[in-house]
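Trainee: According to Swiss-Prot, the record shows the following:
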- 247: active site (ACT_SITE)
- 14, 16, 99, 247: Zn(2+) 1 binding site (BINDING)
- 16, 17, 18, 42, 136, 219, 251, 263: substrate binding site (BINDING)
- 99, 136, 174: Zn(2+) 2 binding site (BINDING)
- 99: N6-carboxylysine (MOD_RES)
């Protein structure tokens with residue numbers, strides 16, 4: 001007898017769709033069963049104001065194969081983001097958060113924030129109007145080891161922000177360490193975190209042992225197994241502070257398989273299926289719905305989706321590559337079997 005599991009339609013609380021001709025592919029994959037997604041603003045040029053965010057949202061809507069998927073837009077914080085722009089974004093009703101990228105931390109973050117001191121007026125305005133702060137939690141100093149950047153960020157940057165803005169809702173995105181799990185668990189109810197499928201499925205050995213696997217290279221970088229296990233424990237615990245955010249971040253194959261390859265894993269082709277595999281292995285399939293469908297909207301003060309999707313325990317083969325505009329993207333688990341599929 002085939003095993004099935006029906007859950008409330010999930011959402012993706014951290015997604016990169018990119019822009020231009022690739023939107024038809026990225027929007028197709030996510031909108032297949034995600035009700036909503038928080039859209040990252042690190043385009044070129046970045047989405048730094050309300051007008052740019054609304055124009056980007058219109059392009060996403062135009063790329064939808066069918067109606068029903070809602071992109072939740074964000075602003076890209078810079079040293080020059082004003083309190084007035086935050087208020088304007090909030091008033092639009094379409095912009096739900098602002099994203100703090102430390103300058104140079106990840107893809108297209110060169111225009112990011114150089115010092116939290118420079119965005120204090122924007123943060124105060126966000127606290128006043130109820131706009132969420134989304135954070136890429138890594139320091140970028142060249143003398144800091146790449147595997148330590150999240151841990152040091154928690155101490156040096158995030159802790160002071162949390163202390164200075166006690167009513168600001170904060171999402172520490174794509175957490176990768178036991179340190180981040182502990183920080184979020186010990187913080188107030190205004191602090192939460194997203195966890196990606198690839199940080200749950202893989203650790204740095206998967207990326208580096210027996211040959212380097214560029215399609216597992218992402219930022220924040222995969223960490224030790226002990227950190228992977230801490231993430232699995234957090235995600236499958238039922239704790240309301242942790243929720244689904246794929247950080248699905250496609251790059252064309254030639255940008256990944258290169259002497260200096262780009263950071264990012266493409267998981268939107270099989271997002272909920274990947275999470276289901278992890279939760280099943282942890283003996284926690286009963287906790288998947290809260291993680292994928294309840295905790296995110298609850299934290300954002302948005303209604304949960306009213307419809308459902310059904311997962312079936314049925315193997316299928318992930319293709320070697322997928323269309324990405326006029327190029328190709330190699331998805332996570334390319335040429336491998338998935339154990340679950342969405343009906």
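Just so it is clear, glycine is given a Cβ too, placed from its N, Cα and C backbone atoms.
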Trainee: Per the record, substrate is bound by 16, 17, 18, 42, 136, 219, 251, 263: how many Å separate the farthest pair of Cα atoms?
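Mentor: The span, Cα to Cα at its widest, is 19 Å.
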Trainee: In DSSP terms, helix, strand or coil for the residue listed as 'active site'?
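Mentor: For the residue listed as 'active site' - judged by DSSP and reduced to three states - the answer is coil.
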Trainee: Considering only the recorded positions 14, 174, 247, which residue has the minimal Cα-Cα separation from residue 263 (substrate binding site)?
Mentor: 247
Trainee: Based on Cα coordinates, which of the following recorded positions are within 10 Å of residue 16 (Zn(2+) 1 binding site): 42, 136, 174, 247?
Mentor: 42, 247
Trainee: Out of 18, 99, give me whichever of these binding-site residues has the highest number of other Cβ atoms within 10 Å.
Mentor: 99
Trainee: Among the binding-site residues 14, 99, 174, which ones place their C-alpha within 10 angstroms of the C-alpha of residue 219 (substrate binding site)?
Mentor: 174
Trainee: Looking at the recorded positions 136, 174, 247, 251, whose Cα is closest in space to that of residue 14 (Zn(2+) 1 binding site)?
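Mentor: With Cα distances computed to residue 14 (Zn(2+) 1 binding site), the winner among 136, 174, 247, 251 is 247.
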